[in-house]
Amino acid sequence: MGQTVTTPLSLTLEHWGDVQRIASNQSVGVKKRRWVTFCSAEWPTFGVGWPQDGTFNLDIILQVKSKVFSPGPHGHPDQVPYIVTWEAIAYEPPPWVKPFVSPKLSLSPTAPILPSGPSTQPPPRSALYPAFTPSIKPRPSKPQVLSDDGGPLIDLLTEDPPPYGEQGPSSPDGDGDREEATSTSEIPAPSPMVSRLRGKRDPPAADSTTSRAFPLRLGGNGQLQYWPFSSSDLYNWKNNNPSFSEDPGKLTALIESVLTTHQPTWDDCQQLLGTLLTGEEKQRVLLEARKAVRGNDGRPTQLPNEVNSAFPLERPDWDYTTPEGRNHLVLYRQLLLAGLQNAGRSPTNLAKVKGITQGPNESPSAFLERLKEAYRRYTPYDPEDPGQETNVSMSFIWQSAPAIGRKLERLEDLKSKTLGDLVREAEKIFNKRETPEEREERIRRETEEKEERRRAGDEQREKERDRRRQREMSKLLATVVTGQRQDRQGGERRRPQLDKDQCAYCKEKGHWAKDCPKKPRGPRGPRPQTSLLTLDDQGGQGQEPPPEPRITLTVGGQPVTFLVDTGAQHSVLTQNPGPLSDRSAWVQGATGGKRYRWTTDRKVHLATGKVTHSFLHVPDCPYPLLGRDLLTKLKAQIHFEGSGAQVVGPKGQPLQVLTLGIEDEYRLHETSTEPDVSLGSTWLSDFPQAWAETGGMGLAVRQAPLIIPLKATSTPVSIQQYPMSHEARLGIKPHIQRLLDQGILVPCQSPWNTPLLPVKKPGTNDYRPVQDLREVNKRVEDIHPTVPNPYNLLSGLPPSHQWYTVLDLKDAFFCLRLHPTSQPLFAFEWRDPGMGISGQLTWTRLPQGFKNSPTLFDEALHRDLADFRIQHPDLILLQYVDDILLAATSELDCQQGTRALLQTLGDLGYRASAKKAQICQKQVKYLGYLLREGQRWLTEARKETVMGQPVPKTPRQLREFLGTAGFCRLWIPGFAEMAAPLYPLTKTGTLFSWGPDQQKAYQEIKQALLTAPALGLPDLTKPFELFVDEKQGYAKGVLTQKLGPWRRPVAYLSKKLDPVAAGWPPCLRMVAAIAVLTKDAGKLTMGQPLVILAPHAVEALVKQPPDRWLSNARMTHYQAMLLDTDRVQFGPVVALNPATLLPLPEEGAPHDCLEILAETHGTRPDLTDQPIPDADHTWYTDGSSFLQEGQRKAGAAVTTETEVIWAGALPAGTSAQRAELIALTQALKMAEGKRLNVYTDSRYAFATAHIHGEIYRRRGLLTSEGREIKNKSEILALLKALFLPKRLSIIHCLGHQKGDSAEARGNRLADQAAREAAIKTPPDTSTLLIEDSTPYTPAYFHYTETDLKKLRDLGATYNQSKGYWVFQGKPVMPDQFVFELLDSLHRLTHLGYQKMKALLDRGESPYYMLNRDKTLQYVADSCTVCAQVNASKAKIGAGVRVRGHRPGTHWEIDFTEVKPGLYGYKYLLVFVDTFSGWVEAFPTKRETARVVSKKLLEEIFPRFGMPQVLGSDNGPAFTSQVSQSVADLLGIDWKLHCAYRPQSSGQVERINRTIKETLTKLTLAAGTRDWVLLLPLALYRARNTPGPHGLTPYEILYGAPPPLVNFHDPDMSELTNSPSLQAHLQALQTVQREIWKPLAEAYRDRLDQPVIPHPFRIGDSVWVRRHQTKNLEPRWKGPYTVLLTTPTALKVDGISAWIHAAHVKAATTPPIKPSWRVQRSQNPLKIRLTRGAP
């Protein structure tokens, strides 16, 4: 027997319970694993002599403690609880440690201690450290601080203090001071650390009757000492640690350490909290701490006395020299720590945890600590809890670096790995990773290799092209030279043939040319130049350009250098220009002819005009050719000069081609604005800081960095960089480098990433970087846009200010800084090995493309220029984002204001563009307008943009045109009316049909734009006049201001009225037009007085509007807007010029609007609401609608006072209003040609007939939203019936009257009759044969011989006088007429045979239909539409599945999905043995052929042998080439079942259901979602469930039931003896003989049973089911012809797969019957009748 060595570490582990109790007394917690790790691995590395087995030496422990408590990054806060516990064990050793601890030495005290004796003077008191006078009672000379049982509330006071050198407060007694000085003078002053250590071991002085509440320390022999907080400590703690709101865990750990080591009093705790926490944080901590107070029962209490006693908010009177006072203080600290922990717990936010990802250079252990800290901070879960280990492990895997996470996911047996195992694996992967230097070297090497390969490939292709062209050119030269020789010599002369040994040079025999002595040797001379075209003259990529004359154009966004060839009929492109058209042309060249294709039309914008051209694509041509076709369109001129040919435009300018967006096209037509001559010399030199050319990049010095707030639910988005061409990357590289040098771009690492888009600048090869920030914009909070509206911005510019300065700020957004917390939002990917950049870059300034950038910059610039506006009130300063306009009344004021503005902009840090500046001019361009002399014009560039657009061919092109022209609508009178035919074509889903009306509107808009007048700038000091006119629902007007005796137009306004207003009479439409245009004009007038002039006296209409036309809401709106006399006034009635909308010199004929409206009555002028004296009839109408037994019944009636004239039931669901309209309409129809008084109690019917009917008709029976009104058909019928009576009076009466007047009696009778009629059975509206419809005329019946034979068999009689047969009293309809009638009815309804038969029987047709039922059946069966949609009723008999003859020979396979799955398992691969029913199931992560093959070879084959047959559905994992190849190699017959026929795989499909049902029950019973763990139990049930023969799969396979133990039988002796191996073998032999063979015979007998085949034969036409139908798609497709059949499946023409018979139905082919058809002819007055197939 050996002996074990006891070490301090092993001793603590053996008494681990005591160690945890001691740690708990210190208010800390320790873990055994970390205890061992720190003792054996961490602390020995500190270099203080700590052994790996631990020690109880206090000197070594204190040195380790000083290392642990080191401030800054060198400290180890996580090790504080463990070293504190070690110190407590060593300082006050428990019994099992005392034999290993050396005895303590008694040292004299050197530190200040508590007064030990009574003092004659009271101690001084301070606000921070109060003094307490305890009650006089006997106490021991040595106060016992620690109890004998080592209670948990006292050990907290035994911690060592930090090494503070400050001395405690001196005694207030002078004698005491002298005595202390004497004592200290005798002993040399040691270091502060030694003083503190010795002080803990010195005996205490005599008892004191007065104690001070100072931070306490327990020295040697129970002596109490005080060590106050120093201001430097508090300062360092506050500044070297994050705030509580930022990182509550770290600050809580600091406070816990301070409470443990410094032992502060109640006042010190308040000082500490007040320093480290804000007021709100402190209140929250105190509240949470008071919630943690526990009562006597150990549960949290809310009793105020207990809460205040344990955790007081005011200074308590605790005496710290007594155990009771110190226990109160310890409890207070514990509650304070609990409050800190509870207050620091953030709301649950798993998104924050998910956002913690591993950094590129972060170790897995450090990442795990950050992840655990996030769990503690943002979730209520403890990451150290074993129950949460799975969640933490998954987060660790998924949020690790991609390279580490992917490898961790592929670990074998992942679910059995602990978190420590995953960290160790991650550490291995991390340590083997590629360093940044190695990665950069690899990228550089790969780039060089790729570039070398590309260069070698280019050179090889170049050589190959040179050789090919050399051969072609040689052939061409040989052909030319031979032709020339033939022409000179007049015939063909061949070179004489040489002999085998004859020299080709000297023609002598005996040697060859290479050995000829007469052949000159030496270096070869220069090649003679030829005038013919050689290979060196050909142009291509990387070669010299074509010879002169040449011109470079941009085609398809790429510059192409053309050779100007006036001999070429068509222009030619050699490179692939994009899509080619179907047209082609035959090109004849020197080497033969060939056909080439044309390109599609290319739109080219030139300074000379717009050209749309199609080029000829000839790849074999040496150069791109500019032929006569394009030269003609360009109107090019070729001048031959001494230096060569020059190609210019019609005006002598060089030809240039640009491609740009249509919104910027007007810039092409603008004349270049040259900077002022004085700008370069004076303005640039005087204000260098204001210009971008001299001052560099701007920076708004007064604006703080911007913080971009995100939406609450936003998460980082990462989009990969789009592929970028080499040319584009080189184009934006200088811009990226420039922005990096200026500090606008900086490298970063961010979870956000958006792609960078290179945009080519028009007409150049330069690119500019544009970032796609659409996804970022979706996740950023929206702010209200405050950017000024260009529509009314110039309204603030008075016409008196006619000197202007326009400044365009350069890179305006880059002047605003971004806060560092918001910079990661705009990160993008950029790699440049040459610059050493490979990663992400982000913006430090406000980026372009961000949705809030214009608003943020506009607001910032407005704030910065606010002082300038105040200091210069005489100047007008307009700002639209980065475009600034300064206006003054004189040139001098403009110059002075411009200087002040430039100085201000330079001081503020903004930079203007000197190239675009317009300084002190009387005519400037601003926001696309031309400003001059107080007026604004459309620039010619804007006009040319609209004029140059081609005729739109798509809705998008039309919207572009209307948008461009709509910008100029203020200059176009009646723009809304002109563009009215165009707007309907822009709607989505509308057919784009460009007709004459659209072409006319298109031309009118262009023509109006050419004649656009100059508009005056609004002068807000003068009143405005608005001339309004209305025509056909369109409001038109012109806003003017007086300029002397003239009226100067300010804006032309136009708008379309809404559908309700468009249906009013003309005078009311004028009111609506004035209201609409007044609202639009208010945007320009800014609330200034407005005088309205119109051809109608509308003021009286507005004050007293007619109630029958306007609703109350609309009337109130109009009156509130137009009767505001302070702002709106009405002028006299004027006649307007329809062209200019200005008043005519002569006055028009006046009219009274109120009189006209009064005359505008209903549809019938003589309609009245007073009874007619000489009426022929006086009737009463009523409609009724009510609910009875859950069904709405309705009826209508017309009565007199005493009798019912008409009453009828209406269809179910009819409303009361509709019934009233029907009753009134019926009365008017019956009184046709007579004088009628009709009474109705319906306000709706009365108002419709008198008022609203005409209003509805005028506006097209539409509501204000443009929808159809209710009861449209009934209203139209009523309006039509109003004209039937000779005279008419519709009178309204009260309903449900009780009097005895004639009116009351008639109304009651009408109401009663309507209710009685409603109760009756309503007419069947679904009846197909309508009685009112015109029937067939029997005289036109034509009977065939077959019809006559059937009629004679029926016994029908022939009516000689009428010419038709009669049967059962009805005319007999011939078979052909019956077929046409029933076929038409079926095409209207597509009802089935039974329903159509029932409706025909119910309809009581006046004719007897010959062979009706048979014809009806044929019509329903032969309908193609019904065959494609209706479901099939055909049923196929059940088939028989083929089974194996023994276990393991025939398997069925299937995948089934089981969600949710842990560890990535979400599929289940199921194998079923068809013979025994034995089930094997394997959880998988993917549904692939690789998984199927792997399980087949590794699981099925080793255990059951090689299968002979496999059956499965047509899933991709089974039909894959991998699966089929494995089956072919192994000789397995793989049978694929019919698609969408689960019954074909019925056995495995049924077992899938059984397994999933069992798993569901097991998960519910076990309370877990890990179905993989419960799968064996589900398989056990499936394998032991009896089959159709009463045997379980286990019994069939093993010959006995599974071994079970009866736990209820106490006698286990019978189960202890197991049978021998021989007995098992005999049993299996018996099973094979007695079970397997009969079972196989039973399966074979089922196969021999006859199967009822399907009715389809070869050659039949069938419809095939469409299994995946889309919206409104027919259910069946076809018909198809059957090619092959089996008892259960078919193969049809056009579909490669076999189709199960249950998925088809027969297609009935209707016979071709001759019938008459009507066809159109070229002559509109003629039609053609043909007889043929229907």
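Including glycine, each Cβ sits where the backbone N, Cα and C put it.
Remember, predicted model here, so these are calculated numbers, not experimental data.
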Binding-site annotation, Swiss-Prot, Mg(2+) 1: partner of Asp882, Asp883 in Asp772, Asp782, Asp808, Asp997: Asp808
Same-site residue for Mg(2+) 2 (record: Swiss-Prot; known: Asp1182, Glu1220, Asp1311; options: Asp1126, Asp1241, Asp1347, Asp1353): Asp1241
Where Swiss-Prot places region 'Interaction with host UBE2I' among the ranges 429-434, 1389-1394, 1653-1658: 429-434
Matching range for Swiss-Prot feature annotation, motif 'PPXY motif', among 161-164, 405-408, 889-892: 161-164
Which range of 69-72, 109-112, 277-280, 1457-1460 is motif 'PTAP/PSAP motif', per Swiss-Prot: 109-112
Cβ-Cβ under 8 Å with the region 'Interaction with host UBE2I' (429-434): same-chain residues at least 6 beyond its ends: 363-364, 401, 403-404, 407-408, 442
Neighbouring C-beta atoms (10 Å sphere around the C-beta of Asp882 (Mg(2+) 1 binding site)): 20
Listed in sequence order, residues not in Asp1182, Glu1220, Asp1241, Asp1311 with Cβ within 8 Å of the centre of the Mg(2+) 2 site Cβ atoms: Tyr1180, Thr1181, Gly1183, Ser1184, Ala1223, Thr1240, Ser1242, Gly1295, Asn1307, Ala1310, Ala1314
Cα-to-Cα gap, Asp882 (Mg(2+) 1 binding site) vs Glu1220 (Mg(2+) 2 binding site), nearest whole Å: 66
Alpha-carbon spacing, Asp1513 (Mg(2+) 3 binding site) to Glu1220 (Mg(2+) 2 binding site), which is rounded to whole Å: 64
Other CB atoms, at most 10 A from the CB of Asp808 (Mg(2+) 1 binding site): 17
Rounded inter-Cα distance in Å - Asp883 (Mg(2+) 1 binding site), Glu1220 (Mg(2+) 2 binding site): 66
Near-site residues: Mg(2+) 1, ref Asp808, Asp882, Asp883, CB cutoff 8 A to centroid: Leu807, Leu809, Ala812, Tyr880, Val881, Ile884, Lys916
Conformational class of Glu1220 (Mg(2+) 2 binding site) under the three-state DSSP mapping: helix
Secondary structure of Asp1311 (Mg(2+) 2 binding site) (DSSP, helix/strand/coil): helix
Lowest local Cβ density among Asp883, Glu1220, Asp1241, Asp1513, which the record lists as binding-site residues, within 10 Å: Asp883
Number of helical, extended and coil residues in the domain 'RNase H type-1' (1173-1319), per DSSP: 59 helix, 42 strand, 46 coil
DSSP three-state assignment for Asp882 (Mg(2+) 1 binding site): coil
Whole-number Å value for how far Asp1454 (Mg(2+) 3 binding site) lies from Asp1182 (Mg(2+) 2 binding site) (Cα to Cα): 70
Shortest C-alpha distance to Asp1454 (Mg(2+) 3 binding site) - which of the binding-site residues Glu1220, Asp1241, Asp1311: Glu1220
Rounded Cα-Cα span from Asp808 (Mg(2+) 1 binding site) to Asp1241 (Mg(2+) 2 binding site), Å: 73
